[in-house]
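As recorded in TrEMBL:
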type     : residues : note
COMPBIAS : 1-11     : compositional bias 'Basic and acidic residues'
COMPBIAS : 26-38    : compositional bias 'Acidic residues'
DOMAIN   : 93-582   : domain 'K+ potassium transporter integral membrane'
DOMAIN   : 594-838  : domain 'K+ potassium transporter C-terminal'
REGION   : 1-57     : region 'Disordered'
TRANSMEM : 91-111   : transmembrane segment
TRANSMEM : 131-154  : transmembrane segment
TRANSMEM : 219-242  : transmembrane segment
TRANSMEM : 286-308  : transmembrane segment
TRANSMEM : 334-353  : transmembrane segment
TRANSMEM : 365-385  : transmembrane segment
TRANSMEM : 405-424  : transmembrane segment
TRANSMEM : 461-481  : transmembrane segment
TRANSMEM : 487-510  : transmembrane segment
TRANSMEM : 517-536  : transmembrane segment
TRANSMEM : 542-560  : transmembrane segment
Amino acid sequence: MAEEGPERENGRLASMDSIESRWVFQDEENSGDDESDDLPLGMRSDSEDEDNGEQRLIRTGPRIDSFDVEALEIPGAQRHDYEDFTVGRKIILIFQTLGVVFGDVGTSPLYTFDIMFNKAPIQGREDILGALSLVLYTLILIPLIKYVLVVLWANDDGEGGTFALYSLICRHAKVSLLPNQLPSDARISSFRLKVPSPELERSLKIKERLENSFTLKKLLLMLVLFGTSMVIADGVVTPAMSVMSAVSGLKVGIAGFPQDKVVMISVACLLVLFSIQRFGTSKVGLAVGPALFVWFCCLAGIGIYNLLKHDTSVLRAFNPIHIYYYFRRNSTQAWVALGGCLLCATGSEAMFADLCYFSVNSVQLTFVFLVLPCLLLGYLGQAAYLMVHVEQAEQVFFSSIPGEVFWPVFFIANVAALIASRAMTTATFSCEKQSTALGCFPRLKIIHTSRKFMGQIYIPVMNWFLLVFCLVLVTTFGSIYEIGNAYGIAELGVMMATTILVTIVMLLIWQINIITVLIFLFFFLGLELLFFSSVLGSVGDGSWVLLAFGAVVFMIMFIWNYGSKLKYETEVKQKLSMDLLMKLGSNLGTIRAPGIGLVYNELVKGIPAIFGHFITTLPAIHSMIIFVCIKYVPVPVVPQNERFLFRRVCPKNYHIFRCIARYGYKDVRKENHQTFEQLLIESLEKFVRREAQERSLESDEDGESDFESDNSCSRLLLGPNGSAYSLGTPLLVEYRSTGKEIMEASTSSDVGDLPTSDSGISDAEQGLEWELSFIHKAKESGVVYLLGHGDIRARKDSWFFKKLVINYFYAFLRKNCRRGIATLNVPHTNLMQVGMTYMV
C-alpha cells in the first residue's frame, strides 16, 4: 500500500488549499495546461494533487478546485430575520427570553449581600453604602457595559458562548488544529466575512501570525477549552446555589427551621428540576417566562417599598466615592468581600451562551428596560432595610419582605431559582454540542426538543451528570456560603476567557481602533483578575472541589481533541495512492456488484486507507462508490441547498465519487438514512448534469481544442477490457463513444433497461442519459454503508505520557462515546464494518 505524505509546516501537518500555487511539470507548463486541466472542472480527480518526482517541477499560479466551482453555483440562503415577527410573536419571545436568558442574573439578590457580609461583617452604616456601591457598579460594568453592549455583538450568527467565539475566529483565520479546511467552505452563505476596512492591514498581520504559529493555535484552543470547562462547572454550581438560597427562606418564615431540612428540600427540588429538563427550553421557557416577569416585578416592588419605608439615603451609593471609603476602612475585608460582590453579576455569561434563537436586540432591550432597573431597585431596597436593621445581615432578602406577602414571594422566589438553574443547564448543553461538532468533546446523544428552533436541545447523559455533581455539592457543603466561593471561581473563569476571545474578535474581525481594543482588554481583564484574586483566597474553604471538577472536564476535552487530531493526521499520511487504483483498473481488482457503497471517512481529499481493507477483504465491491465525509464547518448552520459538494474520483468508468456533507455546529441531523440517501443521490444527479453542461459549453467554444481534449480524455476514461462488469452491470464509457460501443459494453440482460441509441440525440446527451440511468439502477439495487472502525494506538517507541493518554484515556473515551452507527441511524442490514488500527 503506497502512502502519500501530507504537506508539512514546521514539522507539523498543514492543510493543502486549492487556491494556493501548485507545482507542475515543466513540459506541461510549456504546453499551456496539464492533462487534468483539459477535463471539465467537475471531472478532475484527486490524482491531480500527486506529483511525479522524476520530472522537474515549477511553481504556477493558483489552481481552481472543482469544489470551489461547485460551491459558487449554489445560491445563498436567506437569513433569518427577527424583524418579520408579529407583535404577538415578539411578546412570546420576551417571555421566553426572561425564562431562559435572565433567570440566573435575576436571582442574584437572593444571596449576594448574604455572601458579602458573611465574608466582611458590617462595622457601620457606611459599610452598607460601600458594599451597595460595589454591587451597583459591578452590575453596570460587567452585565451591562461588557456583555449587553459589547460581547453580545460578538455572536456567531445568533449563537453565543466560548465555542461560538472560537468558531467565529476559525472562520476568519485558519487556527483550527484539524487540517480539513477547504476554500469552498468560504462559499457557504452563512460565512459572512467582513468587508475590508482601513484597519485591514493590522487584521491581516494578526491573521498571519495566528496561522503561522502552532503555539498560538494551541494556546487559543486551550483558552477555549478552559472557558468551556468553567461553563460546565458553572452548570453544576448554579442550580445548587440558586435552589439552596431560595429554600433557605424557610429559616426566616419558620422560626428554628433546621439547616439539614433545608438541604433535604433542596435535593428534592434539584431532582424535580433535572427531571423536567427533557421537556425542552421552548416549552418550559414559555411556561415559566410569566413567572419570572412576576419575580422581577416583586424585586422592584419590594425595593421601592423598603426605600420609602426605611431609608432613601442609600441612593447616595451611586456616588463611587463610597467604594473608596469602603476599602479605606476595611482594606483586607473589603478585598475578601469582592468575591461575594461578583455574585451579583452571575448569569452574565448565560446571557451570551443562551442567545440561542433570541435576537441580540431583544436581549439588550429586555435587560436595559426591565431586568437592570428591577435588580437595582432590589439591591437598593435591601440596603435601605439594612440601614435600620443592621443585625439582620443574614437572609436579608427574605427578612426585608413585608410579612403580608412573605409566602407568595417565597414561592415565586423558589420558582425563579429553578428557572435560573435551567438557564445555566441550557447553556451547558449548547456549549457541549458546539464542542462536539468542532471535535473537542466525545459524541453524546443529543435530543432536539423543538421542531422550529434548532438551538433547543437536551443531552440526557450531561443532564444526569450535572445532577449527580449538584447533589454531591449540596450534601457535602450544606451552606450557600461555601458554595458561593466556588460559584465565583466558575463565573470568573468563563468571564476572563470571553474577554480575551472578544479582544481577538475585535482585532481580527471587527477591525476597530487599537486604543479602544486595549482599553476594553486592560480594563475588564484587570477588573476580573482583581475579583479572581479575591475568590482564590477561599479555595481552601471548598472551592477546590469545583476547580478539580473543571480540571477533569478540561482534560477530557483536551485528550479527545489530541487523539482526534492524531487519528486524522495518520489517516492523511496513510491514504491510498491514486496510482494503485489506476493499476487495479475500473473493476478495482475484484467483482463490481450492483448497488451503491457509501464509504464513510474523515478525509476531504485522497482515498482513505480503510478503503484498501474493503477491496482486499470483500469478494466484491459495489458498482458505484461514494466517499462520504461528514464535515463540520465553523458556521452555525449550513443551508440544505449548500449541504453537499461532489467531485469525481478516478476516470469516469470507475464510478467513484467524493461527497462532502457539510454541517454547522448548530445544525440538526434528524434525517433518517432514507432521507439522507435521497438527498445525496439528488445532489449527485445535479452534479452530473452540471458537469455535462460544462463539457458541452467547452465543446462549443473551440472545436479544435475540444478534439484534442477528447483524445486525451478518451485515453484516460476508457476502462480496460471493454469497460464491462463481471456481473453484467455495464460501466459507462466516454461521452463520444458510439452507440455500438455502448451496446457491446453491456450484457443482453441489461439492454432492455438502459436507454437505446437515438441518432437524434447528441453523443453528450446520450452519455449523460446513460450515466443517470446507471445511477438509478445502482440506487434500485440498494445502498450499503461501509464504515471503517478505526482505532489508534501509540507506537512502542512513543514516550510514556503519550502511551498513557492514547492507549488508555482516549481509548476509554472512544469506547464509551456515541458510535457513528447510532448517529447515522442506519439499520444493520444496510451496514458493513471493517476494523483498522492506526499506529500514531
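Yeah, the Cβs are placed from backbone N, Cα and C, and that goes for glycine too.
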Among the recorded stretches 131-154, 365-385, 487-510, 542-560, which has the greatest number of Cβ pairs closer than 8 Å to the transmembrane segment (219-242)?
-> 487-510
Contacting positions for the transmembrane segment (286-308) when only residues 6+ beyond its ends and CB under 8 Å are counted | 92, 94-99, 102-103, 106-107, 109, 314-315, 370-371, 373-382, 384-385, 400-402, 409, 412-413, 415-416, 418-419, 422
Cβ-based contact of the transmembrane segment (461-481) with the transmembrane segment (131-154), 3 or more pairs under 8 Å | no
Mean per-residue pLDDT computed across the domain 'K+ potassium transporter C-terminal' (594-838) = 71
Top stretch by Cβ pairs under 8 Å to the transmembrane segment (517-536) (candidates 131-154, 487-510, 542-560) is 487-510
Under 8 Å Cβ-Cβ from the transmembrane segment (542-560), and at least six residues away from its ends along the same chain, one finds 222, 225-226, 228-230, 232-233, 236-237, 435, 439-442, 469, 473, 476-477, 482-483, 485-486, 488-490, 493, 535, 805, 809-810, 813
